[in-house]
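Per TrEMBL, the features are as follows:
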type	residues	note
COMPBIAS	654-664	compositional bias 'Polar residues'
DOMAIN	479-564	domain 'Sodium/hydrogen exchanger regulatory region'
REGION	585-689	region 'Disordered'
TRANSMEM	6-25	transmembrane segment
TRANSMEM	37-56	transmembrane segment
TRANSMEM	68-91	transmembrane segment
TRANSMEM	103-124	transmembrane segment
TRANSMEM	136-156	transmembrane segment
TRANSMEM	168-198	transmembrane segment
TRANSMEM	218-241	transmembrane segment
TRANSMEM	262-284	transmembrane segment
TRANSMEM	290-316	transmembrane segment
TRANSMEM	328-347	transmembrane segment
TRANSMEM	359-382	transmembrane segment
Amino acid sequence: IPSVSSIVPESCLLIVVGLLVGGLIKGVGEKPPILKSDIFFLFLLPPIILDAGYFLPLRQFTENLGTILIFAVVGTLWNAFFLGGLMYAVCQLGGPGLNHIGLLANLLFGSIISAVDPVAVLAVFEEIHINELLHILVFGESLLNDAVTVVLYHLFEEFANFEQVTILDIILGFLSFFVVSLGGVLVGVIYGLIAAFTSRFTSHIRVIEPLFVFLYSYMAYLSAELFHLSGIMALIAAGVVMRPYVEANISHKSHTTIKYFLKMWSSVSETLIFIFLGVSTVAGHHYWNWTFVISTLFFCLVARVLGVLVLTWFINKFRIVKLTPKDQFIIAYGGLRGAIAFSLGYLLDYKHFGMRDMFLTAIITVIFFTVFVQGMTIRPLVDLLAVKKKQETKRSINEEIHTQFLDHLLTGIEDICGHYGHHHWKDKLNRFNKKYVKKCLIAGERSKEPQLIAFYHKMEMKQAIELVESGGIGKIPSAVSTVSIQNINPKSVPLERVLPALSKDKEEEIRKILRTNLQKTRQRLRSYNRHTLVADPYEEAWNQMLLRRQKARQLEQKMNNYLTVPVHRLDSPTMSRARIGSDPLAYEPKEDSENLPIITIDPASPQSPESVDLMSEEPKGCSGLPPSPEEDEEGLVMRVKEPSSPGTDDVFTPGTSDSPSNQRMLRCLSDPGPRPEPEEGEPFIHKGQ
């Protein structure tokens with residue numbers, strides 16, 4: 001019924017089915033089965049976690065790992081202690097039915113109910129198709145908070161048996177968190193490497209390849225649980241480590257088998273968990289206390305909202321992509337509780353925890369509220385707030401190439417800046433992985449990474465075989481490509497036959513080849529070093545040309561600064577006579593104006609000794625020739641150098657205009673230098689001249 005499934009999540013419907021089945025069994029007079037903790041932790045939970053860890057979106061997970069760890073560790077600790085402390089206060093004020101519940105029991109209850117459940121989060125968030133960032137934040141928190149939950153649960157369970165808890169016990173309990181989390185990761189990494197190494201030798205028996213993935217993953221989970229380490233973190237680490245090496249060794253059919261078997265197995269486990277939750281609700285013993293149950297529900301919501309708001313305020317100081325108020329609301333609202341809390345509560349011993357039935361009743365109430373109320377309303381709230389949805393389409397090869405290119409670009413920028421950031425260490429890890437790890441864990445030529453050219457030849461050969469089988473060409477000479485065949489005899493191929501599009505397997509193989517081979521780009525290029533740069537033969541000539549042009553501009557500016565009187569444009573003879581008639585003293589030539597030297601200037605090289613040449617150091621009067629009337633009338637004369645032909649330059653193609661005779665600039669200097677001061681009363685310009 002699509003109208004129902006679009007409103008109610010699948011997990012809610014499964015719990016309702018479990019309630020109906022449990023009620024039917026009880027109505028018949030039989031005792032309904034209860035979800036035992038051993039069955040849940042040993043058989044139903046591992047497939048769901050392995051599916052999540054094996055297909056974990058590693059890029060988004062690693063880029064947001066700091067945020068996820070803060071939410072998973074600090075957020076869960078805050079929820080557990082805040083909820084446990086407030087519930088202890090409620091028990092002290094709640095009357096005679098709650099007074100006997102101590103602080104350690106309340107803290108244990110807080111640690112059980114505070115952790116976000118990965119099964120419930122997966123069931124709800126997969127249906128609403130939220131964007132990758134919010135999904136990985138909430139789901140990553142639900143996966144990684146298992147270590148905190150395991151530590152707190154076993155810690156408070158042990159402390160409840162002690163007569164007195166010392167400071168040493170608290171310090172050891174704090175250190176046990178690192179042992180449980182890092183120990184679980186270490187166990188998972190070891191089994192992941194063993195699985196990858198084993199898959200190297202399975203080329204002749206492809207049938208059992210998927211078996212090793214499931215076997216070693218399950219052994220990692222059991223080994224971690226055996227030593228009270230975090231089994232969930234061991235499974236995630238095993239899946240993440242083994243996947244790239246196993247997929248390089250196994251066949252495509254084995255890969256498909258692993259993919260669909262894991263999806264089916266996790267779906268069956270999820271269905272059984274929610275059905276058994278409903279059945280156990282009907283079959284279990286309950287003790288309802290309104291004060292305790294309502295307080296638990298209210299303080300769970302308050303602790304979650306406060307924790308998300310405070311932690312996000314702190315995280316946003318360090319994040320480039322900030323978490324908006326909408327994101328914070330979805331993270332707080334997506335803190336669903338599920339079967340892990342129920343199973344941990346069911347594990348409690350009646351001898352030490354007589355209030356176990358009341359704890360279980362409160363836990364089931366919180367689970368039902370979060371799964372039904374929050375799970376059913378989160379989809380319309382996401383639509384109402386217009387939160388970004390996940391892109392359904394797969395990224396194209398072009399997008400992946402550009403993503404890899406930007407990664408290398410950022411790594412290079414970090415190298416040049418000397419900043420050892422996220423991309424730097426990622427690149428170091430990739431280099432170590434290629435140089436050492438892949439050679440040991442990947443068989444044959446695949447460890448050297450398959451080349452795109454080899455794949456093209458393989459496709460080309462297959463295409464040629466198909467052409468032969470179709471009867472299009474009678475004889476094909478050896479070592480002739482299909483491209484040349486089509487050029488030789490293009491009509492032999494039927495017109496209606498179209499070359500088939502790439503299948504998903506081929507496209508995925510090309511995608512992997514491009515993704516891995518793009519990593520080689522940085523290694524082929526030598527690192528930047530200014531001492532090993534090759535000199536450009538044209539660079540010196542260009543530098544000389546630019547230098548000469550710059551000096552020419554500087555000389556021109558200096559000469560303009562020496563001119564105290566601006567040069568006027570030549571007027572017509574009528575205007576000149578009128579101006580001289582208005583003020584004859586100002587415009588008559590000085591006494592020694594004809595003795596001024598002619599200066600030839602080469603603007604291209606002002607520092608050369610030939611740059612200033614006094615062509616006529618003798619006064620014109622001493623040469624015995626009177627000044628010509630044309631020179632007297634012209635006054636200020638400036639001969640401009642003729643421009644060279646387009647496409648040439650004076651550095652490389654010196655022309656005839658470079659000779660000193662053609663670069664002559666005649667200018668009447670108004671201030672030729674120091675001279676004897678005119679006597680007082682003597683006119684500046686003689687009128688009779």
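Glycine too: its Cβ is placed from the backbone N, Cα and C atoms.
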The transmembrane segment (218-241) and the transmembrane segment (262-284) contact flag, 3+ Cβ pairs under 8 angstroms: no
Selection from 103-124, 290-316, 328-347, the stretch that has most Cβ pairs under 8 A to the transmembrane segment (136-156): 103-124
Among 6-25, 103-124, 168-198, 359-382, stretch most in contact with the transmembrane segment (37-56) (C-beta, under 8 angstroms): 103-124
Interface-richest range of 6-25, 68-91, 290-316, 359-382 toward the transmembrane segment (328-347), CB pairs under 8 Å: 359-382
Criterion met for the transmembrane segment (359-382) and the transmembrane segment (6-25) (at least three Cβ pairs under 8 Å): yes
